[in-house]
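Working notes, structure below.
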Amino acid sequence: MRRVVKAAALAAGATGLFSRVQTSVAIGRSFSTPQSQFQESSPVWKLGRLNHVAVAVPDLEKASSFYRDVLGAQVSEVVPLPEHGVSVVFVNLGNTKMELLHPLGSDSPITGFLQKNKAGGMHHVCIEVDNISAAVMDLKKKKIRSLSDEAKIGAHGKPVIFLHPKDCGGVLVELEQA
């Protein structure tokens, strides 16, 4: 009987100990997250959806075949865009798309990328914004560099600007007017 009482007393003491710890933790700690120092109360521009992920490829037909024949995606014909120095194949993924990029012409921005990355790879991500002019001005104030001084017309016929990868965690980010 003594053992049972002793075990019950230990259990009651342990329960009491744990309930005191739980109480002090609940009272002594705050789990709220402080507001970000970069958050503004009324932003002048807003991020939209992911428009596309662009992948530089050394063999456009082979890459197209993979997405079309192996994964079953809807894949466009090759679209030459000489003003941008690329040939593009658009891969429809339902909620977004991919752009398969291949160099076109001697001044292609993709040539240097493929020289460094022989097998190809992710080139950039494109995110829509509701006001590209306001976004550019705001990002300049925040010391985020862009690859051009102002937005230019992109492959989709809309204004775009590329942000410097060194200011974006190593990722080339394209902002596109929604």
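A Cβ is built for glycine as well, from the same backbone N, Cα and C atoms used for every other residue.
The structure displayed is predicted, hence computed values, not measured ones.
Under the heading Co(2+) binding site, Swiss-Prot lists H52, H124, E174. In the three-state DSSP scheme, E174 (Co(2+) binding site) is classed as strand. Within 10 Å of the C-beta of E174 (Co(2+) binding site) there are 20 other C-beta atoms, taking all protein chains into account.
Sequence annotations record features per position, and here Swiss-Prot assigns domain 'VOC' to 49-178.
DSSP classifies K116 (N6-succinyllysine) as helix under the three-state reduction. The number of other Cβ atoms within 10 Å of the Cβ belonging to K116 (N6-succinyllysine), over all protein chains shown, comes to 8. Residues or ranges marked as N6-succinyllysine by Swiss-Prot on the basis of a large-scale study or a structure entry: K116 (among others).
In the three-state DSSP classification, K152 (N6-succinyllysine) falls within a strand. Annotation comment: Swiss-Prot describes K152 (among others) as N6-succinyllysine, evidence class a large-scale study or a structure entry.
The N6-acetyllysine annotation in Swiss-Prot covers K152 and rests on a large-scale study or a structure entry. In the shown protein chains, 13 other C-beta atoms lie within 10 A of the C-beta of K152 (N6-succinyllysine).
The transit peptide feature in Swiss-Prot is assigned to 1-38; the stated evidence is sequence analysis.
Each residue in N51, V53, A54, E99, H123, V125, C126, I127, L172, V173, E176 lies on the same chain as H52, H124, E174 and has a C-beta within 8 Å of the C-beta centroid of that Co(2+) site, without being one of the site residues. Taking all protein chains in view, 22 other C-beta atoms sit within 10 angstroms of the C-beta of H52 (Co(2+) binding site). Around the Cβ of H124 (Co(2+) binding site), a 10 Å sphere holds 20 further Cβ atoms from the protein chains shown. In three-state terms derived from DSSP, H124 (Co(2+) binding site) belongs to an extended strand segment.
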